[in-house]
Amino acid sequence: LQTRLQAGQGYGNTLNCVLTVYRNESVAGFFKGMSFPLASISVYSSVVFGVFSNTQRLLSQLRHGDPSRTPALADVALASMVAGFISVGIGTPVDLVKIRLQMQTQPYIKANIKLKPTVPGFPVYQGPIHCFRTVLQKEGIAGIYRGMGAMLLRDVPGYCLYFIPYTIFCGWITPDGCISPNPFSICLAGGVAGAISWGTATPMDVVKSRLQADGVYLNKYKGTLDCILQSYQNEGLKVFFRGITVNAVRGFPMSSVMFLGYELSLKAMKRDQTETNP
């Protein structure tokens, strides 16, 4: 839904998008492009949270000589920015393949000429591997990393608005005297942080989605700035908030689970380390 609303045409609002996708493509339409992100999400999340956690520890070591010391908000912000920067290297190709698979059934009409058949059964790509290979052969490495600039502008500040609110909310709702937050606090703080992060990241998410979907038929946009200018000139400021409801609603449960897994994993590893080195 997010990709169709941001890069597609004629969907209107979220409900209309749901009904249109279901009517034209049945339930399977909601799961297009799922396999590649599903196969890579564990690696992606491990890198993001691993970089964030280890950067915090490094900063605490450099500033205070104790890697286990609770980091200041400035350290959290810097670790978030580093995690966002590193994540783009993995996330851009995955998002590109997902978006190309999701958008290949959409019509692209210019001068009343349909450039590609749009009926199911005549897909541009046969699957995620075929999509990745085709883009690599036709567009090279630059094609695989199309939209990287927009993704950097989305993820570097986006992860700051992900980890900082989580840290603050966790501190607020964790009872005094508790060494670590309980699962409810983690889920609530993680969900709020996810909704904030994804909601504020929507404008650059729209630009990234449009850039990456653009190559299914032809390259309409020359780059990030050109995409921003063309989108604004053609559809006004409101275009940059397409899919904000889907992003915010999706961000809450997804981030709740993500942070819960992160905190429980850290707790388990610390317990194992304590038992191994009493």
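Every residue, even glycine, has its Cβ placed from backbone N, Cα and C.
Predicted automatically and left uncurated, TrEMBL annotations should be read as such.
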TrEMBL tags one of 34-52, 186-204 as transmembrane segment - which one?
34-52
Of 72-94, 210-232, which range does TrEMBL call transmembrane segment?
72-94
DSSP helix, strand and coil counts for the repeat 'Solcar' (1-58)?
47 helix, 0 strand, 11 coil
Where does the mean pLDDT land for the repeat 'Solcar' (1-58)?
80
